[in-house]
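Notes follow once the structure below has been shown.
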(Lines of atoms letter the chains of each structure in order from A; the text may use other names.)
(Lines give C-alpha, C1' and ligand atoms only; values in the text may rest on other atoms or scores of the structure.)
Protein backbone atom coordinates (compact mmCIF):
# COMPACT_ATOMS: atom_id res chain seq x y z
CA UNK A 1 0.00 0.00 0.00
CA UNK A 2 1.14 3.56 -0.68
CA UNK A 3 2.80 4.77 2.53
CA UNK A 4 1.49 8.33 2.23
CA UNK A 5 -2.06 7.02 2.08
CA UNK A 6 -1.48 4.57 4.94
CA UNK A 7 -0.16 7.36 7.18
CA UNK A 8 -3.08 9.61 6.27
CA UNK A 9 -5.70 6.95 7.00
CA UNK A 10 -4.05 5.88 10.26
CA UNK A 11 -3.99 9.50 11.39
CA UNK A 12 -7.69 9.95 10.63
CA UNK A 13 -8.60 6.74 12.47
CA UNK A 14 -6.53 7.78 15.46
CA UNK A 15 -8.37 11.09 15.60
CA UNK A 16 -11.68 9.23 15.67
CA UNK A 17 -10.43 7.07 18.55
CA UNK A 18 -9.34 10.16 20.50
CA UNK A 19 -12.71 11.87 20.01
CA UNK A 20 -14.70 8.78 20.98
CA UNK A 21 -16.17 8.59 17.47
CA UNK A 22 -14.57 5.36 16.24
CA UNK A 23 -17.17 2.82 15.13
CA UNK A 24 -17.17 -0.98 15.07
CA UNK A 25 -19.41 -3.57 13.47
CA UNK A 26 -21.02 -6.03 15.88
CA UNK A 27 -22.46 -9.37 14.81
CA UNK A 28 -26.22 -9.40 15.42
CA UNK A 29 -28.70 -12.23 14.96
CA UNK A 30 -32.50 -12.21 15.17
CA UNK A 31 -32.68 -8.42 14.88
CA UNK A 32 -36.21 -8.81 13.53
CA UNK A 33 -37.29 -10.16 16.92
CA UNK A 34 -38.12 -8.41 20.20
CA UNK A 35 -35.10 -10.13 21.74
CA UNK A 36 -31.94 -10.34 19.63
CA UNK A 37 -28.47 -11.84 19.90
CA UNK A 38 -25.64 -9.29 19.78
CA UNK A 39 -22.05 -10.41 20.25
CA UNK A 40 -23.49 -13.76 21.40
CA UNK A 41 -25.52 -12.13 24.20
CA UNK A 42 -29.33 -12.13 24.37
CA UNK A 43 -30.72 -8.60 24.63
CA UNK A 44 -34.03 -6.77 24.55
CA UNK A 45 -34.11 -5.05 21.18
CA UNK A 46 -34.59 -1.31 21.74
CA UNK A 47 -32.41 -0.30 18.82
CA UNK A 48 -34.08 -1.34 15.57
CA UNK A 49 -36.44 0.48 13.20
CA UNK A 50 -38.74 -2.54 12.91
CA UNK A 51 -41.48 -0.44 14.46
CA UNK A 52 -44.45 -2.67 13.61
CA UNK A 53 -42.64 -5.98 13.87
CA UNK A 54 -43.17 -6.78 10.20
CA UNK A 55 -39.58 -7.71 9.33
CA UNK A 56 -40.19 -11.20 10.70
CA UNK A 57 -43.82 -11.51 9.63
CA UNK A 58 -44.54 -14.82 7.88
CA UNK A 59 -46.84 -13.15 5.34
CA UNK A 60 -44.00 -10.94 4.11
CA UNK A 61 -41.61 -13.88 3.99
CA UNK A 62 -44.06 -15.91 1.93
CA UNK A 63 -44.64 -13.02 -0.48
CA UNK A 64 -40.89 -12.54 -0.93
CA UNK A 65 -40.32 -16.25 -1.54
CA UNK A 66 -43.18 -16.48 -4.05
CA UNK A 67 -41.87 -13.53 -6.09
CA UNK A 68 -38.32 -14.84 -5.94
CA UNK A 69 -39.44 -18.21 -7.28
CA UNK A 70 -41.42 -16.57 -10.07
CA UNK A 71 -38.98 -13.83 -11.14
CA UNK A 72 -35.57 -14.83 -9.77
CA UNK A 73 -33.20 -13.34 -7.21
CA UNK A 74 -32.17 -10.18 -9.04
CA UNK A 75 -33.75 -7.52 -11.25
CA UNK A 76 -30.85 -8.00 -13.75
CA UNK A 77 -30.74 -4.33 -14.82
CA UNK A 78 -31.83 -0.80 -14.04
CA UNK A 79 -35.52 -0.02 -14.36
CA UNK A 80 -34.95 2.00 -17.53
CA UNK A 81 -33.33 -1.00 -19.21
CA UNK A 82 -35.10 -4.32 -18.47
CA UNK A 83 -35.43 -4.22 -14.67
CA UNK A 84 -38.89 -2.67 -14.53
CA UNK A 85 -40.93 -5.72 -13.52
CA UNK A 86 -44.72 -5.47 -13.37
CA UNK A 87 -44.26 -5.71 -9.60
CA UNK A 88 -42.91 -2.16 -9.63
CA UNK A 89 -46.05 -0.77 -11.20
CA UNK A 90 -48.21 -2.72 -8.77
CA UNK A 91 -46.33 -1.31 -5.78
CA UNK A 92 -46.40 2.22 -7.21
CA UNK A 93 -50.16 2.04 -7.75
CA UNK A 94 -50.56 0.86 -4.16
CA UNK A 95 -48.51 3.82 -2.92
CA UNK A 96 -50.66 6.28 -4.88
CA UNK A 97 -53.84 4.72 -3.49
CA UNK A 98 -52.36 4.83 0.02
CA UNK A 99 -51.07 8.39 -0.18
CA UNK A 100 -53.74 9.88 -2.46
CA UNK A 101 -51.20 11.03 -5.04
CA UNK A 102 -51.03 10.92 -8.84
CA UNK A 103 -47.84 8.99 -9.42
CA UNK A 104 -45.07 7.26 -7.45
CA UNK A 105 -41.50 6.13 -7.99
CA UNK A 106 -39.95 3.22 -6.09
CA UNK A 107 -36.19 3.53 -5.55
CA UNK A 108 -33.50 1.55 -3.78
CA UNK A 109 -33.22 3.33 -0.41
CA UNK A 110 -34.16 6.42 1.53
CA UNK A 111 -30.64 7.72 1.09
CA UNK A 112 -30.71 7.40 -2.70
CA UNK A 113 -34.22 8.89 -2.76
CA UNK A 114 -33.19 12.04 -0.93
CA UNK A 115 -29.88 12.67 -2.65
CA UNK A 116 -31.55 11.96 -5.99
CA UNK A 117 -34.70 14.03 -5.73
CA UNK A 118 -33.01 17.12 -4.28
CA UNK A 119 -30.03 17.12 -6.65
CA UNK A 120 -32.42 16.63 -9.59
CA UNK A 121 -34.80 19.46 -8.74
CA UNK A 122 -32.42 22.25 -7.75
CA UNK A 123 -29.05 23.56 -8.90
CA UNK A 124 -26.60 26.35 -8.15
CA UNK A 125 -29.06 29.12 -9.02
CA UNK A 126 -31.68 27.82 -6.57
CA UNK A 127 -32.04 27.89 -2.78
CA UNK A 128 -32.94 25.14 -0.31
CA UNK A 129 -34.27 25.69 3.22
CA UNK A 130 -33.58 22.69 5.44
CA UNK A 131 -34.27 21.98 9.11
CA UNK A 132 -30.99 21.85 11.02
CA UNK A 133 -31.75 18.32 12.27
CA UNK A 134 -32.72 16.82 8.91
CA UNK A 135 -31.25 13.46 7.97
CA UNK A 136 -27.75 13.33 6.47
CA UNK A 137 -29.17 12.15 3.14
CA UNK A 138 -31.04 15.45 2.80
CA UNK A 139 -27.91 17.42 3.58
CA UNK A 140 -25.90 15.37 1.09
CA UNK A 141 -28.53 15.90 -1.60
CA UNK A 142 -28.32 19.65 -1.13
CA UNK A 143 -24.52 19.57 -1.29
CA UNK A 144 -24.66 17.51 -4.50
CA UNK A 145 -27.13 19.94 -6.06
CA UNK A 146 -24.85 22.94 -5.63
CA UNK A 147 -27.85 25.02 -4.54
CA UNK A 148 -27.58 27.70 -1.88
CA UNK A 149 -28.20 25.99 1.46
CA UNK A 150 -30.05 27.80 4.24
CA UNK A 151 -30.44 25.78 7.45
CA UNK A 152 -33.15 27.00 9.78
CA UNK A 153 -33.05 26.33 13.51
CA UNK A 154 -34.80 23.10 14.41
CA UNK A 155 -38.58 23.50 14.09
CA UNK A 156 -38.16 27.30 14.27
CA UNK A 157 -40.73 28.60 11.81
CA UNK A 158 -39.96 32.25 12.55
CA UNK A 159 -36.33 31.65 11.60
CA UNK A 160 -37.42 29.84 8.44
CA UNK A 161 -39.66 32.72 7.41
CA UNK A 162 -36.86 35.20 8.03
CA UNK A 163 -34.61 33.16 5.73
CA UNK A 164 -37.33 32.85 3.08
CA UNK A 165 -37.58 36.63 2.97
CA UNK A 166 -33.88 36.87 2.07
CA UNK A 167 -34.25 34.78 -1.10
CA UNK A 168 -34.03 36.52 -4.45
CA UNK A 169 -37.30 36.57 -6.44
CA UNK A 170 -35.41 34.88 -9.28
CA UNK A 171 -34.40 31.90 -7.14
CA UNK A 172 -36.50 28.75 -7.16
CA UNK A 173 -37.16 27.82 -3.53
CA UNK A 174 -37.35 24.37 -1.94
CA UNK A 175 -38.23 23.61 1.69
CA UNK A 176 -37.37 20.13 2.96
CA UNK A 177 -37.96 18.46 6.32
CA UNK A 178 -38.17 15.16 8.12
CA UNK A 179 -41.63 14.65 9.59
CA UNK A 180 -40.39 12.49 12.48
CA UNK A 181 -36.81 13.35 13.38
CA UNK A 182 -34.87 10.11 13.66
CA UNK A 183 -32.47 11.04 16.46
CA UNK A 184 -34.80 13.21 18.56
CA UNK A 185 -38.22 11.62 18.17
CA UNK A 186 -40.04 14.92 17.75
CA UNK A 187 -42.12 15.99 14.76
CA UNK A 188 -42.23 18.78 12.20
CA UNK A 189 -44.98 21.41 12.01
CA UNK A 190 -46.20 20.22 8.64
CA UNK A 191 -49.28 22.46 8.28
CA UNK A 192 -47.26 25.58 9.09
CA UNK A 193 -44.59 24.54 6.58
CA UNK A 194 -47.29 24.19 3.93
CA UNK A 195 -48.52 27.69 4.74
CA UNK A 196 -45.01 29.12 4.42
CA UNK A 197 -44.28 27.35 1.16
CA UNK A 198 -47.51 28.73 -0.32
CA UNK A 199 -46.84 32.22 0.99
CA UNK A 200 -43.33 32.38 -0.49
CA UNK A 201 -43.80 30.36 -3.67
CA UNK A 202 -41.65 27.41 -2.64
CA UNK A 203 -42.14 23.68 -3.08
CA UNK A 204 -42.11 21.33 -0.08
CA UNK A 205 -40.58 17.86 0.25
CA UNK A 206 -41.33 15.83 3.38
CA UNK A 207 -39.31 12.80 4.47
CA UNK A 208 -41.74 10.36 6.11
CA UNK A 209 -39.13 7.62 6.70
CA UNK A 210 -39.93 7.25 10.40
CA UNK A 211 -43.65 8.04 10.03
CA UNK A 212 -44.74 5.87 7.09
CA UNK A 213 -46.89 3.00 8.28
CA UNK A 214 -47.47 4.58 11.69
CA UNK A 215 -49.26 7.94 11.61
CA UNK A 216 -52.22 9.27 9.67
CA UNK A 217 -55.08 7.48 7.97
CA UNK A 218 -54.03 3.92 7.16
CA UNK A 219 -50.51 4.72 8.33
CA UNK A 220 -49.94 6.95 5.28
CA UNK A 221 -47.72 9.31 7.27
CA UNK A 222 -47.67 12.31 9.56
CA UNK A 223 -48.76 14.54 6.68
CA UNK A 224 -52.05 12.59 6.60
CA UNK A 225 -53.03 13.31 10.20
CA UNK A 226 -54.98 16.40 9.15
CA UNK A 227 -57.56 16.23 6.37
CA UNK A 228 -56.45 17.67 3.00
CA UNK A 229 -52.94 18.54 4.24
CA UNK A 230 -51.12 15.85 2.27
CA UNK A 231 -52.44 17.10 -1.07
CA UNK A 232 -50.69 20.43 -0.52
CA UNK A 233 -47.26 18.82 -0.18
CA UNK A 234 -45.33 18.63 -3.43
CA UNK A 235 -43.28 15.46 -2.91
CA UNK A 236 -43.53 12.80 -0.21
CA UNK A 237 -40.58 10.51 0.48
CA UNK A 238 -40.92 7.40 2.60
CA UNK A 239 -39.11 4.14 3.20
CA UNK A 240 -40.06 0.48 3.27
CA UNK A 241 -37.16 -0.37 5.60
CA UNK A 242 -38.63 0.75 8.91
CA UNK A 243 -42.27 0.26 9.88
CA UNK A 244 -42.89 -1.79 6.72
CA UNK A 245 -40.10 -4.22 7.60
CA UNK A 246 -38.63 -4.48 4.08
CA UNK A 247 -36.16 -2.44 2.01
CA UNK A 248 -36.33 0.42 -0.46
CA UNK A 249 -38.09 3.77 -0.63
CA UNK A 250 -40.64 5.78 -2.58
CA UNK A 251 -41.17 9.28 -3.92
CA UNK A 252 -44.71 10.34 -4.74
CA UNK A 253 -46.60 13.45 -5.80
CA UNK A 254 -47.98 15.05 -8.96
CA UNK A 255 -47.27 13.09 -12.13
CA UNK A 256 -45.01 15.76 -13.62
CA UNK A 257 -42.55 15.46 -10.70
CA UNK A 258 -42.24 11.70 -11.18
CA UNK A 259 -41.93 12.01 -14.97
CA UNK A 260 -39.12 14.51 -14.41
CA UNK A 261 -37.35 12.18 -11.95
CA UNK A 262 -37.54 9.30 -14.42
CA UNK A 263 -35.42 11.40 -16.74
CA UNK A 264 -33.18 13.38 -14.39
CA UNK A 265 -32.61 11.48 -11.13
CA UNK A 266 -29.16 9.95 -11.34
CA UNK A 267 -29.55 7.70 -8.28
CA UNK A 268 -32.56 6.14 -10.02
CA UNK A 269 -31.15 5.96 -13.55
CA UNK A 270 -27.72 4.56 -12.80
CA UNK A 271 -28.46 1.65 -10.47
CA UNK A 272 -29.82 -1.87 -10.71
CA UNK A 273 -33.45 -2.21 -9.65
CA UNK A 274 -34.57 -3.81 -6.39
CA UNK A 275 -34.88 -7.62 -6.35
CA UNK A 276 -38.36 -8.98 -7.15
CA UNK A 277 -38.60 -10.68 -3.76
CA UNK A 278 -38.23 -7.33 -2.02
CA UNK A 279 -41.05 -5.85 -4.09
CA UNK A 280 -43.32 -8.77 -3.24
CA UNK A 281 -42.72 -8.23 0.46
CA UNK A 282 -43.27 -4.47 0.12
CA UNK A 283 -46.62 -4.97 -1.60
CA UNK A 284 -47.78 -7.27 1.19
CA UNK A 285 -46.51 -4.86 3.86
CA UNK A 286 -48.49 -1.96 2.39
CA UNK A 287 -51.64 -4.11 2.38
CA UNK A 288 -51.09 -4.98 6.04
CA UNK A 289 -50.31 -1.52 7.41
CA UNK A 290 -53.29 0.06 5.66
CA UNK A 291 -55.63 -2.25 7.59
CA UNK A 292 -53.82 -3.09 10.85
CA UNK A 293 -54.76 -0.22 13.14
CA UNK A 294 -54.07 -2.40 16.18
CA UNK A 295 -50.31 -2.53 15.54
CA UNK A 296 -50.14 1.24 15.10
CA UNK A 297 -52.15 1.91 18.22
CA UNK A 298 -50.01 -0.48 20.26
CA UNK A 299 -46.83 1.21 19.01
CA UNK A 300 -48.10 4.66 19.92
CA UNK A 301 -49.20 3.43 23.36
CA UNK A 302 -45.85 1.71 23.98
CA UNK A 303 -43.97 4.83 22.92
CA UNK A 304 -45.97 7.00 25.31
CA UNK A 305 -45.53 4.55 28.20
CA UNK A 306 -41.77 4.32 27.74
CA UNK A 307 -41.30 8.03 27.08
CA UNK A 308 -43.38 9.20 30.03
CA UNK A 309 -41.62 6.94 32.54
CA UNK A 310 -38.17 8.11 31.45
CA UNK A 311 -39.20 11.77 31.49
CA UNK A 312 -40.77 11.41 34.94
CA UNK A 313 -37.58 9.77 36.21
CA UNK A 314 -35.66 12.91 35.27
CA UNK A 315 -33.87 11.94 32.06
CA UNK A 316 -33.31 14.49 29.32
CA UNK A 317 -35.35 13.07 26.44
CA UNK A 318 -35.70 16.40 24.66
CA UNK A 319 -39.02 17.00 22.92
CA UNK A 320 -39.64 13.39 21.95
CA UNK A 321 -43.30 12.70 21.24
CA UNK A 322 -43.03 9.44 19.30
CA UNK A 323 -41.71 5.89 19.48
CA UNK A 324 -38.14 7.22 19.17
CA UNK A 325 -36.84 8.23 22.61
CA UNK A 326 -33.30 9.57 23.14
CA UNK A 327 -31.58 10.03 26.46
CA UNK A 328 -29.20 12.92 25.86
CA UNK A 329 -26.07 12.69 28.02
CA UNK A 330 -23.61 15.09 26.36
CA UNK A 331 -20.17 13.63 25.77
CA UNK A 332 -19.22 10.74 23.50
CA UNK A 333 -17.53 8.91 26.35
CA UNK A 334 -20.60 9.13 28.59
CA UNK A 335 -22.92 7.87 25.85
CA UNK A 336 -20.60 4.95 25.10
CA UNK A 337 -20.34 4.03 28.78
CA UNK A 338 -24.12 4.22 29.26
CA UNK A 339 -24.74 2.07 26.18
CA UNK A 340 -22.15 -0.47 27.31
CA UNK A 341 -23.70 -0.79 30.76
CA UNK A 342 -27.16 -1.26 29.27
CA UNK A 343 -25.88 -3.99 26.98
CA UNK A 344 -24.21 -5.71 29.91
CA UNK A 345 -27.61 -6.12 31.59
CA UNK A 346 -29.24 -7.21 28.32
CA UNK A 347 -30.63 -4.06 26.69
CA UNK A 348 -29.64 -3.36 23.08
CA UNK A 349 -29.53 0.45 22.93
CA UNK A 350 -26.83 2.17 20.93
CA UNK A 351 -24.76 5.30 21.59
CA UNK A 352 -25.33 7.97 18.93
CA UNK A 353 -22.46 10.42 18.50
CA UNK A 354 -21.35 13.20 16.15
CA UNK A 355 -21.56 13.62 13.23
CA UNK A 356 -24.94 11.87 13.49
CA UNK A 357 -25.98 14.37 16.19
CA UNK A 358 -24.57 17.80 17.12
CA UNK A 359 -21.41 18.03 19.23
CA UNK A 360 -22.05 17.74 22.99
CA UNK A 361 -25.45 16.12 22.44
CA UNK A 362 -24.40 12.47 22.31
CA UNK A 363 -27.14 10.15 23.43
CA UNK A 364 -28.45 6.65 23.72
CA UNK A 365 -31.35 6.25 21.30
CA UNK A 366 -34.20 3.90 22.16
CA UNK A 367 -36.71 2.71 19.57
CA UNK A 368 -39.89 1.13 20.88
CA UNK A 369 -41.94 -1.25 18.71
CA UNK A 370 -45.49 -2.54 18.69
CA UNK A 371 -44.18 -5.97 19.63
CA UNK A 372 -42.77 -4.97 23.01
CA UNK A 373 -44.92 -6.03 25.94
CA UNK A 374 -45.47 -3.79 28.94
CA UNK A 375 -43.42 -6.31 30.93
CA UNK A 376 -40.53 -5.86 28.46
CA UNK A 377 -40.68 -2.10 28.83
CA UNK A 378 -41.04 -2.19 32.63
CA UNK A 379 -37.96 -4.40 32.88
CA UNK A 380 -35.97 -2.07 30.62
CA UNK A 381 -37.14 1.08 32.42
CA UNK A 382 -36.08 -0.39 35.78
CA UNK A 383 -32.53 -0.99 34.58
CA UNK A 384 -32.29 2.29 32.67
CA UNK A 385 -33.29 4.25 35.77
CA UNK A 386 -30.97 2.26 38.03
CA UNK A 387 -27.97 2.77 35.76
CA UNK A 388 -28.96 6.39 35.18
CA UNK A 389 -28.89 7.07 38.92
CA UNK A 390 -25.50 5.42 39.26
CA UNK A 391 -24.15 7.50 36.38
CA UNK A 392 -25.70 10.73 37.69
CA UNK A 393 -27.73 11.53 34.57
CA UNK A 394 -30.70 13.09 36.31
CA UNK A 395 -31.14 16.83 36.19
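Glycine residues also receive a Cβ, built from the backbone N, Cα and C atoms like all the rest.
These features come from Swiss-Prot:
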- 23, 135, 356: substrate binding site (BINDING)
- 110, 111, 182, 207, 208, 209, 210, 239, 240, 241, 242: pyridoxal 5'-phosphate binding site (BINDING)
- 242: N6-(pyridoxal phosphate)lysine (MOD_RES)
* Are there any residues in the same chain, six or more apart in sequence, whose C-beta is under 8 angstroms from the C-beta of residue 208 (pyridoxal 5'-phosphate binding site), and if so which? -> 179, 180, 221, 222, 223, 236, 237, 238
* To do: For residue 182 (pyridoxal 5'-phosphate binding site), name the DSSP secondary structure in the helix/strand/coil scheme.
  => coil
* If we count other C-beta atoms within 10 Å, could you say which of the binding-site residues 110, 182, 240, 242, 356 has the fewest? => 356
* **Candidate binding-site residues 23, 135, 356, pick with smallest Cα gap to residue 240 (pyridoxal 5'-phosphate binding site)** => 135
* Of all the binding-site residues given, 23, 135, 210, which has the fewest Cβ neighbours within 10 Å once its own Cβ is left out? -> 23
* Structure fact -> Rounded Cα distance in angstrom between residue 210 (pyridoxal 5'-phosphate binding site) and residue 356 (substrate binding site) is 16
* Asked: When you average the Cβ positions of 110, 111, 182, 207, 208, 209, 210, 239, 240, 241, 242 for the pyridoxal 5'-phosphate site, which other residues in that chain have a Cβ within 8 Å of that mean position?
  -> 49, 212, 237, 238, 249
* Asked: If one measures from the C-alpha of residue 356 (substrate binding site) to the C-alpha of residue 110 (pyridoxal 5'-phosphate binding site), what distance in angstrom results, rounded to a whole number?
  -> 16
